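Chemist: Residues or ranges marked as NAD(+) binding site by TrEMBL: GLY109, VAL110, VAL111, GLY112, ASP113, THR133, THR134, LYS146, LYS155. The Zn(2+) binding site feature in TrEMBL is assigned to GLU188, HIS251, HIS267. Here TrEMBL flags 71-182 as domain '3-dehydroquinate synthase N-terminal'. Summarising the annotation, TrEMBL assigns domain '3-dehydroquinate synthase C-terminal' to 185-327.
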Amino acid sequence: MSVVDVILRGDFDNSYEITVDYGIMDEVVSDLCDEKFGCTPVVICDENTRELFGHELVEKLAVKGVDPLLLTVPAGENSKSLDVFGSLLEAMLEAGITRQDVVVALGGGVVGDLSGYVAGSYMRGINFVQVPTTLLSQVDSAVGGKVAVNISGGKNYCGMFYQPRRVYSDISALDTLPEREILSGLGEVVKHGFIYDRDFVEFLRDNAEKVLKLDKEVMSRVVSRCCEIKADVVSRDEKEGGMRRILNYGHTVGHAIETFAGYKKSHGECVAYGMRIVARACSKAGILSGDDLELHDEVMDRLGLATGDIDIDPSLIMELMKRDKKVKQGAVVIVALDKLGHAVVREDFPLELIEAELKDLS
Ligand code: NAD
Ligand code: MG
């Protein structure tokens, strides 16, 4: 078991712990029974996580005399909507949920983002606990306090920063995850190494096979190292004023690919292509050394990330990039690597180098 401290001492102390372990549900049950975070737990699942973990959690709580409210949303990104958000709030009010109760997000990033926004809004904010069950949510979305739903104008355009009181990441939950979802999470895993920790990149390269087999010890280390890195970045910049932007490595290009593909490719896969393209452009620009680029691509190859060409229209991708919500006064912000394990935010990156790499891959 490992525990990662997320230290957030801005206007308020929002610090919390992330516990990473396998078979952690009993700890979740016992903490909820002890009312560590609130009285009645409102467990929010999607259809899949309800079957996989939700019923079991509710039964275990019931045996101990706790009667949670179990709310289920359809699986998939469409549940991150104002309609679903509103219906959860209504259901909680109808069930008599008070400010003393606690919202428990039991699922992937969709459930986490949606439930966090519900917790942050219900009666101006009630306690929130995350039990992330996908790799992506364990290494990324459950850390850092960004919660949101989508509106027709854009993804995550309606939300807030709302920190959980605690995160429980159960590595054994990953056993049932489809391969596509594992790969999506791995894109964000390697990103953490690329921007912050060269040793971690080497660890991933040397243990790629075990990672792909979801070896429990290796995955515990992977998840906790990613949480440490993201926590470190977020603790220096809780609300994305500066440094937190390095977490967007690969994302400016990746988002454009995602939009181009009509969201048919997974986010992590698109980010993986984005990272490949930006790293090559960094190398061409003379910012990143050839050796570093080699290791960058080697670890991605071994993990099976963004291998092969993709069907894209480079000039359309460039257009979409310029429309990204992170564009600052007309400048496309690119997170570049000046060495492996160190990212820099650039508003003057030579975009023609990115376009050339896009052409090369398409
Ligand atoms: P997801 O929540 O849709 O989960 C993917 C699929 O896996 C779903 O069908 C789900 O039901 C299923 N599933 C969940 N756990 C499972 C398990 N253990 N076994 C089998 N199936 C399981 O997707 P995701 O990739 O976890 O999250 C994507 C979302 O996260 C996006 O909406 C994205 O915007 C958001 N996100 C947020 C942040 C943030 O900082 N808040 C960061 C990154 C991504
Ligand atoms: Mg991402």
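Placed from the backbone N, Cα and C atoms, the Cβ positions cover glycine too.
Nobody curates TrEMBL annotations by hand; they come from automatic prediction.
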Chemist: Can you tell me which binding-site residues out of VAL111, ASP113, THR134, LYS155 are within 10 A of GLU188 (Zn(2+) binding site) by Cα, answering none if there aren't any?
Modeler: none
Chemist: Taking only the Cα atoms, work out how far GLY109 (NAD(+) binding site) lies from HIS267 (Zn(2+) binding site), in Å, as a whole number.
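Modeler: Here the two Cα atoms lie 11 Å apart.
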Chemist: If I restrict to non-local contacts, at least six residues apart, and a C-beta distance under 8 angstroms, what lies near ASP113 (NAD(+) binding site) in its own chain?
Modeler: LYS80, SER141, LYS146, VAL147, ALA148, VAL149, ASN156, GLY159
Chemist: How big is the Cα-to-Cα gap, in Å, between HIS267 (Zn(2+) binding site) and THR134 (NAD(+) binding site)?
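Modeler: Cα-Cα, rounded: 13 Å.
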Chemist: According to DSSP, does LYS155 (NAD(+) binding site) sit in a helix, a strand, or coil?
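Modeler: For LYS155 (NAD(+) binding site) - judged by DSSP and reduced to three states - the answer is strand.
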Chemist: Measuring Cβ to any atom of ligand 1 with a strict under-6 Å cutoff, which of the binding-site residues GLY109, ASP113, THR134, HIS251 qualify?
Modeler: GLY109, ASP113, THR134
Chemist: From the binding-site residues listed here (GLY109, VAL111, THR134), select those whose CB sits under 6 A from an atom of ligand 2.
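Modeler: From GLY109, VAL111, THR134, counting a Cβ under 6 Å from ligand 2 as near, there are none.
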Chemist: Quick one: pull the CA-CA distance for LYS155 (NAD(+) binding site) versus HIS251 (Zn(2+) binding site), whole Å only.
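Modeler: Their Cα atoms are separated by 13 Å.
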Chemist: In whole Å, how far is THR134 (NAD(+) binding site) from HIS251 (Zn(2+) binding site) when you measure between their Cα atoms?
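Modeler: Their Cα atoms are separated by 20 Å.
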Chemist: Helix, strand or coil: which one is HIS267 (Zn(2+) binding site) in, per DSSP?
Modeler: helix
